[in-house]
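Beneath this line is the structure, given in structure tokens, with notes to follow.
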Amino acid sequence: MGKIKVLVVEDEIIIADNICDTLEDLGFETIEPAINYTEALALIETKNPDIAILDIQLSGKKTGIDLAKKINEDYNFPFVFLTSNSDNVTLNQAKKVMPHAYLVKPFSKEELYTTVEIVLNNFLQKKNVTKNNKQILEDALFIKVKDAMVKLAFNDILYLKSAHVYVEIVLKNKKTHLVRASLNDMLNKLNNTFIQVHRSYIINLSYIEQIHSNALVIQNKSIPVSKKYKELLFKHINLVTSSK
């Protein structure tokens with residue numbers, strides 16, 4: 001495994017650079033720091049960090065808490081809140097997005113190292129436990145519809161689309177179901193015929209009809225494929241190139 005890749009999101013660039021320098025001294029790889037929500041999302045999409053250190057107060061309207069919500073909804077990596085505010089109001093707001101740890105400024109080099117190592121270790125252990133807990137039923141899942149639990153066979157699902165705090169499940173028969181979950185939660189419940197191709201889409205590989213440069217087609221529906229997931233997609237298909 002290569003070096004752990006860390007994203008620092010901090011609107012005070014001198015502080016951000018100091019944190020990155022310290023992390024590199026400790027043996028981590030750092031991404032160019034972001035100062036706001038928009039920059040951070042762009043770096044998450046292109047650089048695929050293993051962990052993020054987020055200042056709660058950022059440049060612009062959106063905060064580190066807003067960014068943490070987005071990470072929980074659309075991505076699957078741990079984050080640490082960095083703040084100079086340890087008051088109850090700030091902590092109560094931060095707790096709602098379930099950060100993996102807090103770092104209160106100023107902090108030492110040792111505190112930074114220990115926090116990152118413990119957070120990553122705990123996250124990977126939890127991920128492995130989830131992966132090793134086999135489901136009894138491996139070809140379907142159940143969703144709640146009114147007062148009933150409805151079975152959805154995996155081979156009836158075309159794709160899943162993120163819709164804020166919900167996921168829309170689209171079936172072969174054109175029916176759809178809306179469930180309250182994150183895309184990452186759903187991906188963990190599906191089998192290996194499903195892969196994520198975009199921050200908002202999971203698709204059933206069995207139903208791909210065409211693949212274009214930045215999209216694929218399932219039953220005449222064009223689904224975006226982001227650069228981040230394109231390599232993964234091509235690893236899962238049998239590709240034969242024809243001569244012109």
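The backbone N, Cα and C atoms fix where each Cβ goes, and this holds for glycine too.
Those TrEMBL annotations? Automatic predictions, nothing curated.
A quick note: this is a predicted structure, and the numbers were derived from the prediction, not measured.
As recorded in TrEMBL, the features of this protein are as follows:
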DOMAIN    5-120  domain 'Response regulatory'
MOD_RES   Asp55  4-aspartylphosphate
DOMAIN    141-239  domain 'HTH LytTR-type'
In this predicted model, what is the average pLDDT of the domain 'Response regulatory' (5-120)? 91
For the residue listed as '4-aspartylphosphate', nearby residues of its own chain (Cβ under 8 Å, 6 or more apart in sequence): Val9, Glu10, Asp11, Glu12, Gly64, Phe81, Leu82, Thr83
